[in-house]
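According to TrEMBL, the protein has these features:
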{"type": "TRANSMEM", "residues": "46-67", "note": "transmembrane segment"}
{"type": "TRANSMEM", "residues": "73-96", "note": "transmembrane segment"}
{"type": "DOMAIN", "residues": "125-275", "note": "domain 'Palmitoyltransferase DHHC'"}
{"type": "TRANSMEM", "residues": "170-200", "note": "transmembrane segment"}
{"type": "TRANSMEM", "residues": "235-264", "note": "transmembrane segment"}
{"type": "REGION", "residues": "291-348", "note": "region 'Disordered'"}
{"type": "COMPBIAS", "residues": "322-331", "note": "compositional bias 'Polar residues'"}
Amino acid sequence: MKAMNICGINKNWVLPEAQENNVKKFLPRPLSRVNGWSPPLHSFQAISWITYLAMSIVTFGIFIPFLPYSWKYAANIVMGGVFIFHLIVHLIAITIDPADTNVRLKKDYTQPVPAFDRSKHTHVIQNQYCHLCEVTASKKAKHCSACNKCVSGFDHHCKWLNNCVGRRNYWFFFWSVASAAVGILGVMIILCYICIQYFVNPDELRTDPLYKEIISENTWLLFLSLWPVPVKTPIVLFIAVMALLLAIASFVMLGHLLIFHLYLITKNMSTFDYLMKTRFKKNLHPAEEKELPLQKKGNLPQEKSNNWAWPKSPPRVGSQKFPMSTLSPKSSVCFVASPPKTCHSEGE
């Protein structure tokens, strides 16, 4: 029969946190990642590159050659410029090391990151000193757990780039999103034009001189710029529909992301600031949430600090029983903890 104390807790029971700490001691300590090319690579990177490659092939190899002669060269120049610009800024956003200046100057990326001891430090960064990077970080730097380093002006960790987005590469990330949205929009316009012309006037899509040798109207030529490949109408329609669906899905995601970052820019906020502010609002006590509208109306006095609505006083906490699992195995004593006392200061 298992020995149980008066609190009903098994003496052999081990805290989950302790089990995790014991497992982590045997795991190899991680290295800091330099940029988006550092292992491990993310699957979202492969998805983004496959999408870019597929859109480039169908746009320049299949659909732009269907356009009228006068539009064909203009479309190649405009769409080519957008696609090349996106490729350049995307590669720069991946390649840049967004780490804080002191991290890049003093940190050795070949050395593993030290284990964080919560018994000695409450937070990873205290008084602008990072206990993991072991350097003094800038004011708005945050330590990214995915990259294992402090990032200057941390915005978020982007899985599509496999790199952190911070002060050094934020605008390259922004223009990468914007150029991708514009490029996808151009592809959608071309596809819509081709679909409409196919049902209204298919001859407008067969203006290339090579079509003079094609007798059947059910035969179309793909990759006219390089080597013509004759295919039947159902194949062209299938490729067009699949490309249009992919373009719509990509445009919805990119458009949402672009509008979100435009909103953050107008509010002078980072993604991290927005998430922290949203999390703070969700964690408010229901009673405190009812008091906030009254405070905004002026019925109750309230101090304002950085546009955050802080409650006037913390909620009361009742007494709770805590089993003293750290005592000796023979001990089976429970203590009653009194409610914590709160102290108010003018600086808070």
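Every residue, even glycine, has its Cβ placed from backbone N, Cα and C.
With a cut-off of 8 Å between Cβ atoms, the residues of this chain six or more beyond the transmembrane segment (46-67) that come close are 75-76, 79-80, 83, 86-87, 160, 183-184, 187, 190-191, 193-194, 205, 208, 221-226, 236, 239-240, 243, 246-247, 250. Averaged across the domain 'Palmitoyltransferase DHHC' (125-275), the predicted model reaches a pLDDT of 93.
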